[in-house]
Amino acid sequence: MSYESGRSSSSSESTRPPTLKEEPNGKIAWEESVKKSRENNENDSTLLRRKLGETRKAIETGGSSRNKLSALTPLKKVVDERKDSVQPQVPSMGFTYSLPNLKTLNSFSDAEQARIMQDYLSRGVNQGNSNNYVDPLYRQLNPTMGSSRNRPVWSLNQPLPHVLDRGLAAKMIQKNMDARSRASSRRGSTDISRGGSTTSVKDWKRLLRGAAPGKKLGDIEAQTQRDNTVGADVKPTKLEPENPQKPSNTHIENVSRKKKRTSHNVNFSLGDESYASSIADAESRKLKNMQTLDGSTPVYTKLPEELIEEENKSTSALDGNEIGASEDEDADIMTFPNFWAKIRYHMREPFAEFLGTLVLVIFGVGGNLQATVTKGSGGSYESLSFAWGFGCMLGVYVAGGISGGHINPAVTISMAIFRKFPWKKVPVYIVAQIIGAYFGGAMAYGYFWSSITEFEGGPHIRTTATGACLFTDPKSYVTWRNAFFDEFIGASILVGCLMALLDDSNAPPGNGMTALIIGFLVAAIGMALGYQTSFTINPARDLGPRIFASMIGYGPHAFHLTHWWWTWGAWGGPIAGGIAGALIYDIFIFTGCESPVNYPDNGYIENRVGKLLHAEFHQNDGTVSDESGVNSNSNTGSKKSVPTSS
């Protein structure tokens, strides 16, 4: 190691290494060939270099010094020499490209391919709250992926939508139009009877001079016609300004020229019905219907026919022009990749009900057959009750997001009566449910065919012992009244509890938990109230397998059991019970106006419309009065109060 000094002699007297001597004041001096340094900064820097050298030496030799602390040095930023070059992102393990146009992206021959690859990978993000990866090109081929629907779904796995009745909506709009047509209810009206009116004595004198017979004098707006109402027969009377400006000579000449140009011997006009109104006419009507609240910001007030047209569009969107139609999707989404995709799009709701009911009946009928053909060793009454419950749960999960997962005609009819489910979808849903139950019973029967043959004693022997596993039949000692009310009570409990679980104003379960609770509800009804009649509570669950049973050996006798039980018991009891259960819940708990129980009368609608218009007027009138109050304060210094609603 060599040591330097600021003031060293030209030649060294000895080659002996210098020795350090530490003085009491902390200064370091060199003996023999080096003079003592008198500057503190030079000594400090020399000492620091020496300590750093010792630290490096200790690190190189593998040793460490615990008594000495090395100085901290800032980390140098590593500069990538290739930062300006295009570095393509290498896909992670398991990332493959199946399409031919994507296989070429694996080789990065030029910067353009790398840029395309980088853009491709940046688009592949997780969709929504799901952790599932969606390929960006998959999204291009499936535009509906991740798109939000703007249509109601009466699902049993989420709170029910709040849909207004079409007749009630039309009545609400009509009441609104009638209220706005009155002079005292128009926006911008300056009726003297209102608080905060800006009517002055000069206005009254001017109106009394030019008042026409048959007009109201209680409202200035009836004379001035500031609000251009639709269908007004009387032309508005324009008020002359107090300080009119004299027209110039040039203006008079222009007017006279126009009159000369437009003077013809023949006068003709086209009636309103002689041609269809064009887009320009509609725009001019809209401009005429513009209202100004503060003199600068125009506010467009929709025409009555426009309100009715919008309401018809909204209600038709809720009902759906066809089964499975969704109005929230763009025209690009309506292009289908193949022919079957188009069929599925228009029939996805019936398909969903079909699959949901099929899953329900497979589990339910399978549980019945397993407990019967094994003579209790393969199941019990409790196990078959849970089989029906979990089958119902899975059926709702299968169809809940598409059709709602009703899988029960009693539920569908109750939804149509009390929750404004479209009536034109009711028969389609019921037919799909019956067909799904038919195939579900057929699959369960085919699964247990060998066990049924062994239990019956031959392949051509079929009795009601196994037939009762496919369809319902009351016990022989149960009277018809008792059997009917068994189904009535069971279905009323089912539908009433469903209305409570699906009411967002009550205490709905968490997201996705409603179907699980419905499954436990069905199992509880079976274990507590299902022994005497095999708890039908679902007409489709009975009719579908009954039709199948009559076709495979049980014969028409399946329909004649217990005085045609399937008509008044399996269908009449559950449907009547479901309606009664929903009615009881709406009478005592539900407050939504979509239910016939809470349907508002004319007085309530007029009251609500009046309150809305009153609040709207005072909001606008308050703005105008504030502005006028500012102007008056500048002149008189008095404060003008804003009118308040009584």
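One-based numbering along the chain as shown.
Using the three backbone atoms N, Cα and C, a Cβ is placed for every residue, glycine included.
Of K375 and Y599, Swiss-Prot records each on a different side of the membrane. Cβ atoms under 8 Å from those of the transmembrane segment (428-448) belong to residues 323, 349-351, 353-362, 365-366, 369-370, 373, 403, 406-409, 412, 470, 540-545, 547-549, 552 of the same chain, restricted to positions at least 6 beyond its ends. Remark: the transmembrane segment (570-590) makes no contact with the transmembrane segment (351-371), by the rule of 3 or more CB pairs under 8 A. For the transmembrane segment (384-404), the neighbouring stretch richest in Cβ pairs under 8 Å, chosen from 351-371, 482-502, 510-530, is 351-371. Secondary structure of the topological domain 'Cytoplasmic' (503-509), assigned with DSSP and counted as helix (H, G, I), strand (E, B) and coil, comes to 0 helix, 0 strand, 7 coil. Tertiary proximity for the topological domain 'Cytoplasmic' (503-509) is limited to same-chain residues at least six positions away from its ends with a CB under 8 Å from its CB atoms, namely 159-160, 517, 589-592. Taken through DSSP, the topological domain 'Cytoplasmic' (405-427) splits into 15 helix, 0 strand, 8 coil.
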